[in-house]
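Notes for the one structure printed next.
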Amino acid sequence: MEANGIENLTNPNQEREFIRRHHKHELVDNQCSSTLVKHINAPVHIVWSLVRRFDQPQKYKPFISRCVVKGNMEIGTVREVDVKSGLPATRSTERLELLDDNEHILSIRIVGGDHRLKNYSSIISLHPETIEGRIGTLVIESFVVDVPEGNTKDETCYFVEALIKCNLKSLADISERLAVQDTTESRV
């Protein structure tokens, strides 16, 4: 058991292996990249039911108010998302790069919008684990993005990491609530 109370089936070596295997990004000059990890007290199937919905990211991403999809959820499908006020953008155009229901991996690339996240791409992968004796999910999300003129790599990574951390916290809150409902309903 780790100091934070998480009994983890995915040891640090397994976590590194998941990152090595699923989170490959080719960086060029003037880009930054980072990988974030979140442990969620809900089974993979519940977390994946939210993450895989390329057509409904607003289900767990608090900064998205609306999403319109052009395509039929195949690789190359494009979505137009409206961003809530308070962020330095109003819309983003994103393309589905990978949707793997067996390995639980989703990858997107931003292809347009009125923001400064140029050449942004991200990969999110889910992995089963045990947390405090219960079935849980290890979520790994990585990204690469151009550093905008006038910003440093650290500033850019900090900004994107803050957005992803908010998304992952929301994903955890919603997934854990759904897991409790699922457990309660299965007892009835």
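Cβ coordinates come from backbone N, Cα and C, glycine included.
Bond annotation: of CYS32, CYS67, only CYS32 is listed by Swiss-Prot as forming a disulfide with CYS157. Swiss-Prot tags one of the stretches 5-9, 85-89, 110-114 as motif 'Gate loop', and that stretch is 85-89. THR77 is the residue among THR35, THR77, THR137 that Swiss-Prot labels phosphothreonine.
In this structure, the CA atom of ASN119 (abscisate binding site) is 13 Å away from the CA atom of VAL160 (site 'Involved in ABA binding').
Within 10 Å of the Cβ of SER121 (abscisate binding site) there are 20 other Cβ atoms, across all protein chains. Here the candidates are the recorded positions CYS32, CYS157, VAL160. The one whose C-alpha lies nearest to that of SER92 (abscisate binding site) is VAL160. For GLU141 (abscisate binding site), the nearest of the recorded positions by C-alpha distance turns out to be LEU163; the candidates were PRO62, THR77, THR152, LEU163.
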